[in-house]
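Student: Dropping the structure in here first, questions after.
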Amino acid sequence: MPRRRRRRRAAPGGQVPPELRLAYGARALTLGRAVFSLLPSPRHCESPCPACRGRVASGCLACRRWEHLLRDGDPVAYRRLITRAVCAIAADDLSAPPPPRYTPGNSGHSQARLVREMMKSIVADQSHGTKNVLCNGLHEGGQSICISDLVSSSSWSILLHRIGDLLMCYLLRCTSIFLPVKKNDYFQVSGVPLNVVLRNPIFASTVARKHQPQTTKAKCHTCYLWKSANMAENLSICHDSSNSGVNSSFSSTCKIVTQQSCETCGSIRRAESKDPSEGCNCPKFPSDGRSGECCNCYTHNTRKRKRLYSWQRRSKKKQVCSVDESSAEWSKLNGSNFNMSNGPSENLAGKMNDQAQSVELTVDNTSLARSNDDSSSEIKVINATILSSEKSPCSVFDIRGSQGLSCHYSLSEVQYQSTCPQVGPSSYLHLNSCSICFNCIISNASKHLSLDSLISRNGIFYNRRTTYSVFHCKHILSKRKRPDALSLVKHIFGINSCCASLLKYNCHESTIRKSNCLCCWLPKSIKNLIRNSKRCQYKKLFLKHCSVKCKVAPDVTKNDGKAHYPPGGKAAYYDRSFSRLEAYSTHQQVASFVWAVLKRIVPKPLLGNSFGKRSLRTNIWKFIKLRRFETFQLSDCIGDLKVSHYSWLSNIEFSNCFCSAIIGKQTGSSTSAEEQKQKNILHCWISWLFSDIVIPVVRTYFYVTERESKRYDVFYYPKSVWRDLTSNAIASLNKKNFRILRGEPRKAVRHLNCSSRVRFLPKAKDMRPLVDLRAKSKDANLNKCHLIMKKLRDEKPEMFGSSVFDYNNVHQNLSQFISSKRSQLMKKLKVYIVVADVSKAFDCVSHDMVLKMIDDAFKCDEYTVRKCSKVICNRSKNSLYRFDSNASIGNGNSIYDLSIQLSSGGGIFVDQGTICRILKEQFHHLLYEQIKCNILKIGQKYYLQQVGIAQGSKLSPNLCSLYYGHLENSVLSKFLHDSKLNAGEAFSEPEYLLMRFIDDFIFISFSLEHAQKFLNRMRRGFVFYNCYMNDSKYGFNFCAGNSEPSSNRLYRGDDGVSFMPWSGLLINCETLEIQADYTRYLDITIISTITVKMHSSTKYIHSKLCHYMRPKCHPIFYDSNINSPGTIRVNIYQAFLLCAMKFHCYIRSVSDANVSKLELLQVIKRTFRYMHSLIVRRMQDVELHYNVRPVLKLRRKETIWLGLTAYIRVLQQKQSRYKDMLTLLTAELGRYCHLGHECDTLRYAVDDSHSSMFWKFKF
């Protein structure tokens, strides 16, 4: 069934970016639609236009609309302004004036003059607090820059002529306009800055509040239980002290005590009562310190009274009814013998029973109100003696055990219940003594952990420190004062600070057996854990499970601390010492060591039974084998663990104690609630076990890092092995490039804190030092220097020689060369290619030479950098983020261009009006400090780099390209020109193509002699520049004679076609066609190149597949000017082959993903459509921004057919897992089966001989 085409919009107008849609809502419109929204609604055709009144034959904007605004023959820039620029109209509730009345024509002023006058008017009004981006670029002398130039172009002049002066002034002053800079990037030119709008309370109330979690406050149930017991005790004391008083005085006394107790429980206030002057019959009682005032009438009104919502009033009415019923039941209980009070209290209780008094308490969000009867002013009070003995004080409050984790929640209801737990006097006396049982505190006051909470792995990476203690000094197990068992219990289970004082060795032995009581068993086990952690012999366990002697080469072992060098000398010794790069511990060894430590430290019952131990060890192994950027959630720590695996946890009886009876009556607890409490205790224990035991043990004994050749796989090097590796690497660097600082220079460096930290990254045979230059003080200056150098790169590319910085530059150069040499290629002349790589390119750069090059390149006396803010939208979270970015404006005072750091993701750039001027001397000083005074901190020592530039800085690639560009211009270009003249060739057209990506050279020529001379020249090196080639990375497709290098990077597939790999590309040595280089996957596993999210949804899987396809959708692979139709389809087929392999690795890693086969099929099909659309979109972008006109000859049906064939071909190798999926894919392929029979290029693309390397991949 053919796919339906989307409807086109009737009226012109583009889409509004999501950032502006989220910030302004429906007020964000395209500029054309925004202009029409300022006009009155159109009238009927019979009535004349009120603006032009029919005097203009062609009509006006009010009556003709789009026909007047957009006309035939308008420039493309003007149409783009009307249909793609976005305008946000001011809201009605703001202080913006109404739009002016439209009148056709204008006063004859130019757009530039109108903008200048408008800027002066806005600046004059800025004293009132108004802000406008249009005036951010206004100098003190009144000269406009940047933004004013953007809104004074010829397109804006056309718009002024068609909408008039008044509407143009209103647009510039009262609206926010955003101009398209790139496909997905916009630049604000008028209105309140978008970053200021995002901080506006109005925006926060309408947008941000929807996405920020609401923090509700509720009280800790255990605290209420304890404090309510204190309140009941105060009430009972009040009875004894008021046996001779009248009922009214006793009533007022009880109310005072109740209020004071409630105030200690939390923020519970008495509601606003009637005025004391309106007939209050209560006697005055001066016990609260306010003599002469009625304590019943006195209220502390903290805020204005407001009427309750309807649902709250209905709930309040229900509570009054329930209290009436409960008062009847309490009157029955008063007649029973279940009363603990004796003496005068009993007589007082009898008197109170005859009067049938009761309390009605209602609570809303702000206050605790006492309801009075309308017919009489008599206040009903419950017998305080009965409340203190029969009714649980906890039942006064609405205790919800499922939320009792935080002490900052607010009560929603406080009421008396109609029933009370029937418990014995001894249990109540225990509660009234202000102590709660151990079980209830652990189960109700423990922190609640979500299964989605993350276990932080950042602590295990790149830790070089060697300590004698496994746990760091701030760890609870390594404090000088050994923690007691209760302190560790509070730490493990996260007991709330307000409940920590209640946790004691206390339980109700009469109701709970000692064998099942946490109070009797858990502290004893925790004591054993503390003692075992001090006595465990970690080092012996480490040497037993993680021995590396068998992996270390015998020629690198030390003998009495002295190195015995082999015949090759020190260099050969250092080369052989790097065999220790393979002396890392495997994942199984690390997991075995961690498990051995746990068995020595943790008591056996806390590890669970045999099934629990097996599951826990499996989860530890999963944690150890995670890749670099993968996350580990609490649900992954739990895995298959169950409460039944832990006898001490499954046998806890929560319902036998007095505390749990009270909570059960209030919350209606059931078996499921008790199981949830047990699970929460298990979650707290397992989370602490991983965070505070497993991670510190791994961090102490291993240096955890990734390797350059193994992508995201994580390697665990023992600290002793890593110390040897880094010492050898530092020794080699110290011998060549670095000098250690001692004495006064070291003290000065430590005082100024101007050093950069270094970490080493293992390579295949040596170590690469990476410098961290992301400190804020350095990063800001480096950003400015980077922008200035980038501007030089754009204005004077010849100073960088043949440098290319991305595939777009390669595409541009290669397309021009092939178009000029099309005739030679058609004749199938031999093409000669040479590839060379500079050895240690960054380490051999001469400081004095690169500084001299900088002096010659940067001639301007002053550079200007302008500050911008960028607002981006996170589509997955539907929220906005803002961060600062720099925009290079120009050189000196001649500032008319705007060079913004654009991004493919898109965003909104807002000019901040902040200009930073950098003088030439200041710029040279910054670069001098970066190059000559680069101080690195390795361990506890400081090193000064004497030769080379640091890797890891933004400036390093540009400085390196400038250095080798100078080498090309001064040496290589002269050499190639002289050899060409000696050969007698014409000099009109270039006979060769030279490109360089930082330090990787490629030379293409149709002359064998020319290619041989270039190869020989590169092999000799360049002594003056301290530049030599790497002998193991040469590549050439011809016979080099007797002096042929020992290695050649030429790749030849099963089809016999030779390719030259260079910078991620495979270049056909016969036709110069381009394919992607997948040879780097031959030595690694495919799964090591992906990052898996354990609990992935269908949407997330689709995003990952699209992410895998994105790098292989560059136009250089699908341009018909470079590649043949067969090669284009081979590139698509190979991209889908790799994506299918990563798809299998991802689905295999997410074994618990509940995704059906049909959903996966839809995800795969959407990936095909996404790739084709992305190819088309990037083709258009290259044509727009580069001087390249690519040609795409590819249909969507062919892309889908190639994708389905690639998935079937890959998943057939895993047939047992994807039997149903293969059936669905085959059925889907049947809809396009005619393409495979009709198109020869498709059959050529899916031939296995053209993709022979893929069948050698491990996935």
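Cβ atoms here come from the backbone N, Cα and C positions, even for glycine.
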Student: Where Swiss-Prot shows Asp999, Asp1000 binding Mg(2+), which of Asp837, Asp843, Asp848, Asp855 is named for the same site?
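Tutor: Between Asp837, Asp843, Asp848, Asp855, Swiss-Prot records just one in the Mg(2+) site with Asp999, Asp1000, namely Asp837.
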Student: With every protein chain in view, how many other Cβ atoms are within 10 Å of the Cβ of Asp837 (Mg(2+) binding site)?
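Tutor: I count 20 other Cβ atoms within 10 Å of it.
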Student: Which number gives the other C-beta atoms within 10 angstroms of the C-beta of Asp1000 (Mg(2+) binding site), all protein chains shown included?
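Tutor: Here the count is 17.
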Student: With an 8 Å cut-off on Cβ distance to the Asp837, Asp999, Asp1000 Cβ center, who else from the chain surrounds the Mg(2+) site?
Tutor: Ala836, Val838, Ala841, Arg996, Phe997, Ile998, Phe1001, Asn1030, Lys1033
Student: Among all protein chains shown, how many Cβ atoms are found within 10 Å of the Cβ of Asp999 (Mg(2+) binding site), not counting that one?
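Tutor: The answer is 21.
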Student: Can you tell me whether DSSP puts Asp999 (Mg(2+) binding site) in helix, strand or coil?
Tutor: coil
